[in-house]
Structure formats: C-alpha cells, structure tokens
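Shown next, in structure tokens, is the structure this report addresses.
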Amino acid sequence: MGNGNSTETKESRRSKMRQKLQNFSSRRRLRRPGSGSVSGLASQRSVSQDDFAGIALLTLIGAEMKFKDKWLACVSFGEQTFRTGISDSTDKPIWNSEKKLLLEKNGPSLARISVFETNRMSKNNIIGYCDLDLLEFVVQEPDSTCKPFDLLDPASSDVVGSMFISCSVEDPVETEKCFAKRILSIVDYNEDGHLSFSEFSDLMNAFGNLVASKKKEELFKAADLNGDGVVTIDELAALLAVQQEQEPIINNCPVCGEALQLSDKLNAMIHMTLCFDEGTGNQMTGGFLTDRQASYGWMFKLSEWTHLSTYDVGLNTGSSASHIVVIDRKTKRLVEELIDSKIVMSMRAIYQSKIGLGLMDQGAKEILQNLSEKQGKKMNTAESAQNIPSFLEFFKDQINMSEVKYPLDHFKTFNEFFIRELKPGARPIACIDRDDVAVSAADCRLMAFQSVDDSTRFWIKGRKFSIKGLLGKDVDSDAFLDGSLVIFRLAPQDYHRFHSPVSGVIEKFVDVPGSLYTVNPIAVNSKYCNVFTENKRTVVMISTAEFGKVAFVAIGATMVGSISFVRKEGDHIKKGDELGYFSFGGSTVICVFEKDSIKIDEDLLANSARSLETLVTVGMQLGVSFPKLENCSLES
C-alpha cells in the first residue's frame, strides 16, 4: 500500500525490484541480429553543456492515407532509425508510438518520417515522407500540440496523405526529475504513487553507493513534510534530482549496468534517461541504421539472422556488407544506397576474390569494354526512353524531378535523361566570391583524405595504388605525391554532370587508356584490384592562384562508355562551372591537391576516417586553402 504496513518481506520486495530492472534490461537488449553498435546507446557520444539542447519526445500519432493497407512508420534521426508497429488494414492508421531523441545545438535536428505499406513479403514500399526540424518545431509549438504534416511522394513530391505528430522538449531539470520518477516507480510496488521509507531504502541500497546509504534518511525526511512516513514520488523525485546534481548517488546505470562518469553529470543523466526510455511505454523499435532497413519484412529479417544480409558502417560497408550505407551531410542522417542484390553478389564474386580477378585477366576485361560500348549505344536509341519510368520508380526517393531543368517528355533517349541538366540555382555554390574556398565537384558519395597514406589506410585497398599510377606517365606527379585526395563517387541515380571544385585555368587534358571496372566500394575496397589506376580516365590539370595545381581526374567505369567535356585547354573557369558529364552508368572523379594547399572540412575527414562516405551535392564546401581557414556555411 506504500504505507509501510505491507505483509511482504523485504526479500520479496527486492525480488520485485530486480525483476522490473531485468525487464527493462532485457527489452533494451532486443536488437535485430547483426545490428552492430552504431545505433542505440552504445554509440552515444559525450555532449558538452553548451551543445546540449534537450531531449525531445517525438510521438507519431497516426496518419490519413488515400487507400487502405497495413501501415508502418519510421523515424530516421542522425545515425539512428526507429519504427512503429504495423497498423490494422485501414486508410487511417493509428500508432501513438513515441521515442525520446537527444538534441544538440550543433548536431542533427532534422527527422525524416517515412510511411510504408506492408503488403509485401520481403520488401515494403515507401508511400510518403515528411521532414521535421525538431528544434524549430518545439520553438513554434512549445506545448506539444498534435499537428498535421503533408506526406510527400518521394518521386513527384505530390501530397499522398497527412501525418499527425506531436513533439516537446524537456529542459535539463525536468529531464532529471522525469528520470528520477521512473527510477522511484520501480519500488512503488503497489503503484499508488506513494513510497514508504522502507521502499525508498530498498532502491537506495541497490545503488551500492555509500553516499546513497548515508543520504537516504535525510532525503526522505526532507520530502516527508507532515511526518507521516509516506511521501509522493513527485516530491521525492525533485529532491533526488537535486541530490544527483550536487553529489551523485548513482554510479551505474540501473538498466544496462554501464559505469557512469560521475564527473560528467549531464551525460550520465542523458544516458540513463534514454536507456530507461527503451523499455517503457508504446515505444518505437530501435537498432536500425536506415528507414529501408527498418521497413523490411520477415524474409529480410531471416536473411539477417542467417548472416546472408548485414548492415553496418565502416570498413565492412564496401567490401563485405550487403547494403551500402552513407551519411547525408545536410541532414546528418544515414541513407541506404539502392543497388540490386544480384549485382552486389556478382561484384563480390569478381572483385573480392583472386579467382574472380583471374577471370578478368583472362579476357573478361574485353567483355566489360564491349558490354559498356554496346550498352552506351543502346541507351542512345529512342527505344531506351521506355526505361526512364522504371528507373525513376526504382530510385523514386533519391531523384528529385522538381530540380530537373526540363520535363520528362523532353528526353527522347535514356542517355538524354541520364545527363539531365538542373534548373539554375538548384545547386548553390558555397562562398561563391571566395576563390580560397573549394567546393564539391559532383552530386556524389564523397571520401576525403588529408594525405594519400590516409586514403590507403581507410578506403583504397588495392595494393598498387599510387598518385603516380593514378595520373599516368604523361603527367608530372611529383608535386602531388604527399598531397590531399578527394574521391567523388557518382551512383546511377545521381546528377551526372561534374563541375570544377576550384577557380583557375585549364592547362591540359591527358587521356589515360584502361579498363572499365566498377567504381562501387566493393571493388575499391578490394585488395585484389586497382580500380583507380587501371580504369580509363582523363586527367585535367587546373592552375589556380589559391591552391597551386589541382589534378582533376574523371574516371570511367562499367557501363560508362564516354566521358565528355564542355571546356577546352586555356579556358578560365570559376568554381562551380560545369566541366563535363558521364554517360550512362556510375563513375568517379578524384581531385588531387598539392601538399599543404588545402585544409579539408573536418566533418568530411571524420566520416572518411570511419570509412563512411558522405552524401554531398555540387557546390557544398570542401575545404579552404592554407592559411585562410575560415569556414563558410554548408547551407550556402
């Protein structure tokens, strides 16, 4: 009854308390097989007091769709993704599913909510999405009111439904009180909102802390204002929060057992708040990297269990993972790159084995060359235009047709669509009036390294890779040997025109003959293959006032029959100006800078050091010339 007259023994009460904690802990450990440590609390970084913005409680209430189905929703935020349960068959699904998210002033704030129909056995279909800036939302709607958001079709941006969302942010004091209440509720055996001293004592003793044992009577008396031996959980929670702030009494997280850094009170509080949150209420399921992974059906989960499919970031992403995961620079969230599973298997068979590469040496290179040339010709026929709709459907949430300069019926062949132009202003150029700021050369997945040694340690695994081999024998490579390297990998769904990253004068073009291996990370990460130094490529030497000489290397790949340039030797170019384009397929540009000529942006270097490609667009800031190290806004 919470009044000290219960007939339960102390041992039975403690048994109940242990059982509750075990329930929290076991729920928290329910992860999909092979989830790794990139999501959830295992990857929680320390947050500074200045950067802490609060903990947001995001609730997906429901949606209104245009047809009936069984629906689920996913929330992608930073490097974590969560999903709701699956609704009944309806056009008005209700989830009332919530999740607490850590907000940092310099961290991710944009959450993407995606809604999937679940009538497929192995792969569910995304119907609509909306993006919600949590920091902006809670400033405009501080009272956590339910608000509708338009769900947009990923391919056309047409409205396909409405999503009902509420969100609120607790300040640090309220967060600590909330956490304290949740801990105290564990020993409220009769669930009446009141605690006796014996119940409170059980909890304090469980902390195994001398300070807790000494303080328990003092704290309880301070809350028991009328001296009846019973206090409310709310009263005790406020005092416990203050005590934890002044002199910590919890050394280990009561849920997962992780040791807490008592000198870092803020991060200890954040850890315990999010840890407790995972096992309570109508919570979304976590442990996913991307919304696509979270939406997959039971056939995919079975393949994960048997290790036929894996999700991870880092070195496994290219060489052995069955799904390629990159991080979007603008939204700071992880995104899955779409690629047919049969292609993944065939590439791994060829590029990740000596036998596969042996076959390449025995004539398969010529087959790839002929195949690429034939496919290039095929994509220039009028019949090839019939492939455009299916291409758009496959990449429907990764191609934004509203940015394209011409309507779809303008393109008479597939290649015309593939080398599509964008509307003026679709790709703003960072610090456009400053030539000491270099920018991204393409819409791509980018890897950046301050030195060539870093690139071979973190990404390029071909044993014979070298700058001299990359640039070829007709280019003087001495000035670049200890320089910086930036790799821009274009996937088939990307805008395939490339632009100059710097302002300067084009000195010369040098064609280097070669093969047409794929530039997919599976091949780049292979120790048996040297993609960048063996593929067909063109080296463009650009002379600049701010960066010295810059080598711009356009590299052909499987299905890329031609590299076309729209500039000539002697032309003066501004950064962001178009240089050329790749025809059908995926390909890569590599820029090599002279040693100590550029300071690459820290976020790009940090991601690359994790072997994690960064999704960027043309014109985003790449780095600043030495010694001018001021940063421009990424939004520029």
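Backbone N, Cα and C atoms are what each Cβ position is placed from, and that goes for glycine too.
TrEMBL: automatically predicted annotations, no manual curation.
Taken from TrEMBL, the feature region 'Disordered' covers 1-42.
The domain 'C2' annotation in TrEMBL covers 22-147.
What TrEMBL lists as domain 'EF-hand' is 180-210 (among others).
The annotation domain 'EF-hand' is assigned in TrEMBL to 211-246 (among others).
The feature pyruvic acid (Ser) is assigned by TrEMBL to S587.
Over all protein chains present, the Cβ of S587 (pyruvic acid (Ser)) has 32 other Cβ atoms lying within 10 Å. Annotated active site, schiff-base intermediate with substrate per TrEMBL: S587, in sequence order.
Sorting the domain 'EF-hand' (211-246) by DSSP state (H, G, I as helix; E, B as strand; all else coil) yields 27 helix, 3 strand, 6 coil. Within the domain 'EF-hand' (180-210), the DSSP-based counts of helix, strand and coil residues read 19 helix, 3 strand, 9 coil.
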